[in-house]
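Going by TrEMBL, these are the annotated features:
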- Glu353: active site, proton donor (ACT_SITE)
- His384: active site (ACT_SITE)
- Lys492: active site (ACT_SITE)
Amino acid sequence: MPDITQTAAWQALARHRRDTAGISIRDRFAAEPDRFARMHGQIHGLLADYSKNRIGEDTLSLLVSLAETARLPQKMQAVRRGEPVNASEGRPALHAALRLPPDAPPVCASGENVLPEIRRERERALDFADRLISGAYANADGLPFTDLVNIGIGGSDLGARMAAAALAPYHTRLRVHFAANADGAELSAALAGLDPRRTLFALASKSFTTPETLLNAHAARDWLRQGGVGENELPRHFAAVSAHAEAAAAFGIAAENRFAMPEGVGGRYSVWSPVGLPLMAAVGSEHFRAFLAGGHAMDEHFFTAPLRRNLPAILGLIGIWYNNFHGAQTHAVVPYTHLLRHLPAHLQQLDMESNGKSVTQSGEPVACDTGSIFWGGEGVNSQHAFFQLLHQGTRLVPVDFIVPVNTPEAAQNRRFTAANAFAQAEALMLGKTDPAPHRRFEGNRPSNTLLIDRLDPFTLGLLIALYEHRTFVQAAVWDTNPFDQWGVQYGKTLAQTILSELDGGENRPHDHSTAALIARFRQQDKSA
Ligand code: F6P
């Protein structure tokens with residue numbers, strides 16, 4: 001693909017940016033009474049209002065032309081058909097295939113229909129989760145398991161952790177916990193108060209080589225042993241999800257408790273696969289199927305709607321407008337419910353691991369900025385933490401407000417939080433005049449508001465798939481690969497040498513700073 005920044009579509013946007021510099025969002029609202037009507041979209045219970053942005057219809061047309069120049073529609077269909085869109089690893093990206101309903105036509109990757117295996121492993125995992133919940137799958141004493149602890153990191157943790165917390169009102173009797181950090185403290189906290197004889201561990205690792213996960217998995221097995229679980233009972237206390245069955249088997253996971261995920265699904269896109277086992281166990285198979293159905297409904301919209309009416313495409317393109325034409329470096333996500341408290345972390349991995357790239361698909365250096373720094377926190381708490389900078393700081397930070405209408409909470413709480421979200425978005429956009437400079441708000445600060453009728457499994461599926469496709473849209477424009485992660489792959493091996501030194505091994509050559517820190521750590525290490 002030619003350098004996107006050299007295309008007529010890109011240059012037209014650069015000119016448009018200069019030509020519209022003097023028009024504020026406030027001016028646009030004053031001049032366009034139908035602005036909200038034109039600049040929002042709704043898919044089932046999810047409404048996306050993108051009218052509070054520095055855009056007009058002309059901006060959207062230019063952005064759509066940019067997407068067409070970048071061949072976004074063709075790239076979308078390549079994902080849908082299971083083509084090897086992840087070129088550096090020679091793999092397809094099968095997250096949408098994971099959400100297909102039973103009557104879907106085949107998806108062929110390298111000439112083979114991938115759906116039968118996807119379905120078989122999903123059904124096995126769902127059946128396992130339902131048997132755990134009902135107690136049909138029990139411990140050696142015939143007693144039901146009371147707790148499931150997921151051990152995994154990155155995409156083998158964040159998606160399921162986020163979704164399980166979001167769907168807390170749908171939880172069954174089984175309690176689910178998560179441990180990702182290898183510092184030991186998180187696992188200890190997860191295990192506090194649990195009965196080893198009634199606890200099952202789900203080991204989630206696509207590669208089954210991630211050192212953090214293996215460290216915690218061994219610690220979990222020791223904890224079970226110390227808790228009186230006999231050697232012959234141990235396999236009953238473990239399940240594993242991996243693309244490498246042999247490695248899970250080598251750890252001692254019984255064949256019937258091993259669930260496969262396809263190589264063509266990246267960790268950050270994998271909550272829809274058996275990596276979602278903790279979510280399945282938390283809410284049961286019926287709700288998990290509704291979650292998949294929500295994801296699929298968003299796929300159908302994304303793969304079929306014209307770009308101007310396509311929500312993931314529009315949100316992704318507006319993100320490019322700020323990133324590449326306004327110099328915005330970050331993008332904030334603020335869900336106005338404690339239930340979605342882990343959403344910013346999930347989206348942070350999704351977007352930053354996908355779009356934190358500096359070469360194109362053909363290996364050329366990119367000619368523009370790529371992925372935004374994704375960050376955020378739950379509302380209303382964030383208003384009392386970082387919103388000052390959003391309102392009066394010098395940086396432009398586009399914000400996504402995510403606001404559920406119906407949650408199980410009392411009306412006064414739901415209305416209070418929603419009122420705050422709407423007020424913040426309005427204030428960011430309108431600003432406020434005041435003779436005192438420190439009380440002045442310049443306004444013209446953009447945001448999207450995603451209004452969610454009910455935070456149920458289906459709508460959560462819609463929301464998560466929306467962001468997955470938004471991420472893809474941006475990568476398609478930049479011609480980068482959103483499905484590999486060589487940067488973090490390298491990180492997996494970086495610590496090995498230093499670890500052997502901290503363990504008392506021979507000193508290795510380092511810069512003076514690193515050498516001094518290693519020496520100081522060894523001096524102060526009480527367990528040495
Ligand atoms: O941090 C890098 C990464 O490869 C992520 O992409 C992935 O989600 C995580 O590690 C966990 O990997 P695995 O599932 O193989 O343990």
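Placed from the backbone N, Cα and C atoms, the Cβ positions cover glycine too.
Positions of TrEMBL features highlighted on the structure.
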residue	record	contacts (Cβ under 8 Å, 6+ apart)
Glu353	active site, proton donor	Gly154, Gly155, Arg268, Gln485, Val488
His384	active site	none
Lys492	active site	Thr209, Thr210, Pro211
